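Here's what TrEMBL has on this protein:
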- 144-214: domain 'Disease resistance protein winged helix' (DOMAIN)
- 302-421: domain 'Disease resistance R13L4/SHOC-2-like LRR' (DOMAIN)
- 437-529: domain 'Disease resistance R13L4/SHOC-2-like LRR' (DOMAIN)
- 614-769: domain 'R13L1/DRL21-like LRR repeat region' (DOMAIN)
- 968-1112: domain 'Disease resistance protein At4g27190-like leucine-rich repeats' (DOMAIN)
Amino acid sequence: MGRIYGTCKIVKCGAPGSSILLTTRSIKVAEAVESTEPFNLPFLSEVDCWAVFRQSFGMTIEGLDSEFLEVGRVIVNRCGGMPLAIKVLAGVLRDKKRVDEWKAIRDSNLLDAEDREHRVSGCLKLSYFHLPSHLKKCFTICSLFPKGHQIYKEQLIELWIAHDMISLTLGFDYLGDIGAKHFSSLVQVSFLQDVDEQYGRVICKMHDLVHDLARSIMREEISTIVPEDATSSRKGYRYFSLLERPRKPLPKRVFKNARAIYVDKGRYIIYVDKGRDIIFDKALVNAKHLRSIIVKFNYSAAGLAAIFQIKNLKYLEISQLKCESLPKAISDIWSLQAVHLTDSSLLELPKSIGKLKKLRTLNLSWCWNLECLPDSIGDCNMLSSIVLWKCNKLTALPKSVGKLQKLGTLNLSCSRELKSLPDSIGDCNMLTSIDLSYCNNLSALPNSIGRIKNLRVLRLGGTKIEKLPSSITTLRNLECLDLSKCWELVELPEGIGNLEKLQVLNLEHCKLVELPEGISNLEKLQVLNLKDCGNLVELPEGISKLEKLQVLNLKDCGNLVELPEGIRKLEKLQILDLEDCAKLIGMPVGIGQLSRLEKLSLFVVGEGEKFAGISELINVGRDSENLIIKGIKHVLEQNDAHKACLKQKTNLQSLKLEWERYHKGEVNTELEDDAFDDLEPHKAGVNTELEEAVLDGLEPPPRIKELEISGYSGGKYARWMQHQVGGEVKGLAYFKFLRVMKLSDFLKLKHLDELVELPCLKKLELHRMPSLESISGGPFLLLATLGMKDLHSLEEVWIVAERSMSNGEEGGSCSNRAHHLGHVQVGNCLTYLDMNDCPKLKMKTFLPLSGHLKHWELTRELDSPFQFQLNRSNSTFGYSTLRRYGLDWVLRQGVPALESLDILFSEALTEVPESLGSIASLQSLSLSFFSNILKLPECLGALGSLQKLTIVDCNSLSSLPQSVGQLTSLRELQIYGCPALHQLPELSSLQTLHVGGLPNIMRLPQSLQHLSIDRCDELQELPECLGDLRSLQELNIDGLHRLAWLPESMCRLTSLKHLWIKNCSGLTSLPEGIKGFTALKEFQIDSCEGIKSLPDGIEGLAALKKLKIHDCPGMRSLPEGIKGLAALKKLKIHDCPRIKSLPEGIKGLTTLEALKIRGCDDLANRCREDIGKDWHLISHIPQRHIHYGFSGSP
């Protein structure tokens, strides 16, 4: 229960209507959170139990002798249908090779408990008893960690080593390898589970019941509270997992017998008094047996002296250490093997660190301020792992790292200022893994890297590397090469084929134009990731020689046209991802021979015999969850679609059937809608019978959840979309899991009737179906979104609620007309109703008062009377007036939950009906393009829930009603293109105001926090009352070309945090009083050619963090006062060619992290590295992006 409270931030991110699923083993927890009726999960059936056992056993159980299987089934049945018990025992039995060992487990009385949960505990105990002795010790020490704790594999193994739980055995040269084997064994028996990888590190957890077992075994040796004296246990506790505060300082003898201490983050506080740690200080004096200390919280330097007096300490882990340097005393802990000081304030390590001759692991991840390692690090000759992840100020490693002959792992990922590796890195002969991912300033590798002959993993993703050194091709033991997101990399060395053991090659998001032919020599390659390599047009034919390739990822290769013909030879290929390969024109013949291809995201039916037919789909993509089939128009034989056997792909969740290779959403956005017609030349002479037969053959599996069909030109919809009852069509087949159905570009379909039996359908969209005349069906009880667009022939649709209508032709009962022409039955979940460009549509609605409709959208006027009918208390309210554009439909009675209303386009409407005020739930109202409305009704003041009001291009509107001032919930007002509007009412609660195209601004609410004034071409000055907005935090002034100055009163805006001034060509200067913006954090001036300089008062902006000057050709210099910007972090100067130099004061901006200069040629030349005249002013800035010899906007 306690873990729920840490998820509050996540819960707050949920969208309206989101739900929370809480899982618990305790009915009391469900009651405490006032849950809905709890759902009790049933126990597994015998069939499911055996399936879990087979999966957990990890081997082909059918190959065992029948006697094993018989005993195994009895054991499984005795587990009481509890999956954890089954998984644990399966892991134990896997290592039992004799049937009598299986029988011993079968006959154990630990499985006799009648209560199922006690039986699970019995299974866990039985599994523990059958563990080898060395695994028992490794398991029980895991009880140090609290429930739910995330355990890192490497650190757990180091903990085992520190406690002498691992010793070298025959066949192993390293303790770490033995530890990895023990870890796998505990995972096999499910004592450790949820194994995953996070930032390249393996993590796991313990099940709560397994954790209970470990604690019960250690109950005489472990304490979760600090005893007040050492005599509270006969022998004295050896393990401490401290989860509670002590009530008083601890005596010396408390930790006398301690072997390990764990202090949990956020639960236990170390008290410091007069520079002394009053808990650890005395209590650790006699802790001569202590081997490991883990402290998971903010920790000051005060306690370090006490810890560093423990000379036998082998494992030290402290997070969030609040000190800049370590005491030299750490170098005297001669036995120290592993040091993890993560997320600390360390600037450096002591030079004496080289005295730690047994140190094997050094982890300084998240030490943001660490700038370097001491040269003496090379004297730690046992060091095998260095982890410096996210050490953002680290620029280089000392040359002495070349002396570390046992170094196996070097992780520098996300150390963004790292620029190079020393040449001596080539001397680290035992290095097996180097991770330089996202070292953003790393542009090259030393050629000496080719000397690291044992290197197996090299990660360079996200670096600036432009070219790999030729020596990299000599790394013949390399198994994984990650070059993902190396934006500057345009080619691979031809000799890459020499990497004879390479198994994984990741080239995601590189700018490669082609792959070298040498790639065909990578005989052991299993994974090739070319995702988002947008410049690739083709793959080399030699790729067909990669006989062991299992995964080929070509997702988002938007220019890839064809696949190699020989791809059918990749017999071990399991995954082929072609999603969003928009230009692919077909699949190679023979792709259906890839019988192991389990996941295929895209299949393109090409034109002609050169490409594979759709029938080749039968043997591929059996486990695909998502499949898109394009180019179906090229299917020429009726039976080919049936041969694809889509119905048998039972894992399929989403299916898209597209007759064209392109659908309208993929056409270049610069094309007009009618340009899409050019993509469909086949439609004029289409064979409708063939089209219908093909669609019939593409029946999806019954568990499909999303179905999209586009470009179909048959006159009937598919047989599998209909029921056949007595030879008659009776509706859509029973796809009981279907949630989304989208049908578009059906050019000839006239009737889409009798759509029934879709109990889970939540979204139905019908787009661009010019011949469609009728639609009916239902009930769609869960339907939330109904969208109909460009249905030019559709004349009448009844949106009705199931059992909501009484008898009668108009407003009569529809229960006996549930499947009549034009009736679409919905439940009370409908929230989004979108009907656009349906010029002949007459709609009749019968919706219940309990409806949840929140959004109604129409975007063009109708050409015929528009009929709405609403059900309310057995009375029918009808409104029919085209020129009100359906406005009265929303003016209530039948949709009480309406929250958002957008009304567009009506030239004839001259007034808004008073009934608008009846929508009490309305939160957002938008009125756009009503050119003849003179005023809005006073009834707006009755909209007590209104939070946002938008008025756009109402050219004749002269005023807003005074009643709007009564809307205490109104927080945001947007007014654009209302030239006749001269005054706003008093709006005391308004927080955000956006105005554009107004001739004048006379009054501004003092409650404003956000103000945007945009494209007011006639506006020559801003009102003096602007300075009275003491709560204003954001001010955006854009497109005021006649504005010549800013009012001095602005300087009183002491709460202003963000100021943007853009496209004000007449503005020649900024007020000197700008220094009054004491809270300003961001200041941007853009496209103001009249401004020649910034005022000297800018030095008073002590809180400013971001300053951007863009496209100000008249600006000649920056003021010397810029030196006063003590908090400035980012400075951008773009397209200001007259700025020739930087002020001297910029050198004193010690907080400046990023400088960008573009389109300022003279200034850029003065800032050239090492040789520019202004280089000395900016050399201290970590991130410098300076473009030379280029003018113009980016």
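Keep in mind that glycine also has a Cβ here, set from the backbone N, Cα and C atoms.
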Of the residues in the domain 'Disease resistance protein At4g27190-like leucine-rich repeats' (968-1112), how many are helix, strand and coil by DSSP? 20 helix, 36 strand, 89 coil
For the domain 'Disease resistance R13L4/SHOC-2-like LRR' (302-421), the DSSP helix/strand/coil residue counts are 26 helix, 22 strand, 72 coil
DSSP assigns the residues of the domain 'Disease resistance protein winged helix' (144-214) as 32 helix, 13 strand, 26 coil
If you average the pLDDT over the domain 'R13L1/DRL21-like LRR repeat region' (614-769), what number do you get? 79
